[in-house]
Amino acid sequence: MSRRVVRQSKFRHVFGQAAKADQAYEDIRVSKVTWDSSFCAVNPKFLAIIVEAGGGGAFIVLPLAKTGRVDKNYPLVTGHTAPVLDIDWCPHNDNVIASASDDTTIMVWQIPDYTPMRNITEPIITLEGHSKRVGILSWHPTARNVLLSAGGDNVIIIWNVGTGEVLLSLDDMHPDIIHSVCWNSNGSLLATTCKDKTLRIVDPRKGQVVAERARPHEGARPMRAVFTADGKLLSTGFSRMSERQLALWDPNNFVEPVALQEMDTSNGVLLPFYDADSSIVYLCGKGDSSIRYFEITDEPPFVHYLNTFGSKEPQRGMGFMPKRGLDVSKCEIARFYKLHERKCEPIIMTVPRKSDLFQDDLYPDTPGPEPALEADEWLSGQDAEPVLISLRDGYVPPKHRELRVTKRNILDARPPSGPRRSQSASDAPLSQNTLETLLEQIKALREQVQAQEQRITALENMLCELVDGTD
């Protein structure tokens, strides 16, 4: 009798666990807009969530440590005149976030490290070029200040955020609504899915479709696609019988999928979150109450089901923490931020290990916050892999980097070569915006102090009257 050999993998026993109640973010009015984006973006410093807002679009930005109940008057980021549909943190500056809206614009915001006194209403820059709603945003993984947007006008625009210029406009490739866009690891190619049921690989600088596959999933519901670390593609979609599917494709041979997994019948679009370091893909369906995860390997059957994290509450959206924001001391390999109707709950994926030492095999060097290229270098045809960092000693996010406003580049410039010196507040140049913000805060604090003094005086008068009355 032959014995069945169990597949060897360090990720076979990955398990998910919801954070304790006091680690959640309560009383957040998550947006009810019908759009298939994740509604949540997170980095090692901040959590951003698209929220309900009367008369426009808004999102809330919370420091990661600000757990518990969120005050109903907590300042929002407001500026769009219609609902916000997507948000994305800049991978090279943890204080910069982009938002896309139904009002056809993209806005890029600088988020301060301190909690602002009032709503943030002034973006660093507003990007205008789409003629219909903008529903997809994605920063370039290796080039500084390069941002991609896709709109309801079926156009993809790639911007240099530092100057506000359009670098590239891809306007003849998609005959219908674009459902998803994803960069590959070095940002040389894009994978797109479209309502015309075609999966395309696009070279944006040549303006060419390099490869395409019609009807990778037979169903009519939207598809999603992401690149794997070795250049293959993972797509999620629906079969003709409305069964949800996960497929692995080799772009050099688009005839048949390398692997195809069928799951359940449900309406929710599966959002794939791929971790290149562990080669695990996590599938989160909007309206589902579970996260399924699979390991992608070079051995048949190539896509290996690992497990499902289940809970009682359905998810309205999901944020995915970059690897540098995880707790390596607890063997945490992924962290999600699950949106409920009125709260956000962290979900931690862990590999059980007995040792407290740093686990080299779980944490290879991972992309850090430094860009590998400038925008014009990328546009001229250069490619570079992400600049990697080690997580052996944990990751400490850099302090707030003040913007140096120049006509050429309004996001911070590349740091000088040579030994680094930490820049103190005293030797950082203060921009006009910073001075105005400080003056506003001082004025607001003075008004608060005056109001408190008036209140104290009133209470003292009441106390005197009470004392006089008893005499």
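From the backbone N, Cα and C atoms, a Cβ is placed for every residue, glycine too.
What TrEMBL records for 4-68 is domain 'DUF1899'. Residues annotated as repeat 'WD' in TrEMBL: 77-119, 127-169, 171-212. The region 'Disordered' annotation in TrEMBL covers 406-432. The annotation compositional bias 'Polar residues' is assigned in TrEMBL to 420-432. Feature annotation from TrEMBL assigns coiled coil to 432-462.
Helix, strand and coil counts from DSSP across the domain 'DUF1899' (4-68) read 3 helix, 24 strand, 38 coil. For the repeat 'WD' (77-119), residue counts in helix, strand and coil come to 0 helix, 22 strand, 21 coil, using DSSP. When the repeat 'WD' (171-212) is classified with DSSP, helix, strand and coil residues number 0 helix, 22 strand, 20 coil. Look at the repeat 'WD' (127-169): DSSP puts its residues at 0 helix, 25 strand, 18 coil. Listed by sequence, the residues of this chain that lie at least six past the ends of the repeat 'WD' (77-119) yet keep a Cβ under 8 A from its Cβ atoms are 31, 33, 35, 37-46, 48, 50, 53, 56-61, 63, 66, 125-128, 130-139, 141, 144-145, 147, 149, 151, 159, 161, 322, 367, 369-371, 397-401, 403, 411-412, 437, 440-441, 444.
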